[in-house]
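S.K.: Got a structure for you, written out below as structure tokens; questions coming shortly.
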Amino acid sequence: YKLSVSPEMDIMEYCRKEWRGNTPAAKRMRKGYEAVARKFASIRRIRGDNYCAFRATLFQALSQATQLPRWLQSEDFTMLPENLLSKYDWIKHWQLRQKPGKRMGEIRDEIKEYLILLRKKWKNISEIKHPLEKQEACDKLFKNEEEEYSLYEALKFLMLNTAIELYNADKSGRRVPVFSWLLFARDTSSNPCQLMHNHLNHIGHSGGLEQVEMFLLAYALQYTIQVYRLYKYSTDEFITLYPNDPEEDWPVVTLITEDDRHYNIPVRMCQETTL
């Protein structure tokens, strides 16, 4: 049995354990971790399957949630699968986790269940006032494999919905964020149907999230995802924001990556010391 989110560990202790050598890469990683340690005291390791970007982002979002996001409150939120399937026949090829070849009605009902679960869990955790209790509730949720993976399916479907909205907005001449052009400029995702077939259906199975899909996740959740990219230490890309021009009222979650493939999370923000 693998823990989805490991217990806290001191950041520099973790760094010393992982990066002992004197290679340029190890030195850069240590510098990167030192920079993170000025802001955060601890790190929690995220289980390393192809869902780790979802796991790290959602865990951080729920850990600090104090209210239900607006998009989760809307009445037609749980009608998304029905509405999209009625317009786009190709969504019947949506790949449910470990359940290939489902019929259209089953896909619709199952995704609806996942969306209801996402709303319920977010609401319950955001209503917990005591930080320790909130943390315990998050830990408990991320030990329940069935529920955890259902939430990732919900996130994937929200990403598809966001991609369709952006694609349609661009086609009708409205302004869209730059990443949306990049998303649909790829040979493998020139439209939402291709994006689903070649990318979203594979997330969690044979691949994780690519850079441009981190933007899409951020837009779907209406969260700014701030990432310490340790191998980019001492460059402009060391701290990368998805999106890079976030809305002011979007909450921020922070992740750490050594390679843009696997993500861990920093916890316990240090008190800023002033001289």
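Quick reminder: no glycine exception, Cβ is built from N, Cα and C everywhere.
As annotated in TrEMBL:
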- Asp49: active site (ACT_SITE)
- Cys52: active site, nucleophile (ACT_SITE)
- Glu237: site 'Linear diubiquitin binding' (SITE)
- His262: active site (ACT_SITE)
S.K.: Between Asp49 (active site) and His262 (active site), what C-alpha distance do you get in Å?
M.R.: 8
S.K.: Sorted by position, what residues of the same chain at least six away from His262 (active site) have a C-beta under 8 A from it?
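M.R.: Once residues fewer than 6 apart are set aside, His262 (active site) is near Ile46, Gly48, Cys52, Gly208.
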S.K.: Which chain-mates of Glu237 (site 'Linear diubiquitin binding') that are at least 6 residues away have a CB under 8 A from its CB, listed by sequence?
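M.R.: Same-chain residues close to Glu237 (site 'Linear diubiquitin binding') (Cβ under 8 Å, separated by 6 or more) are Arg229.
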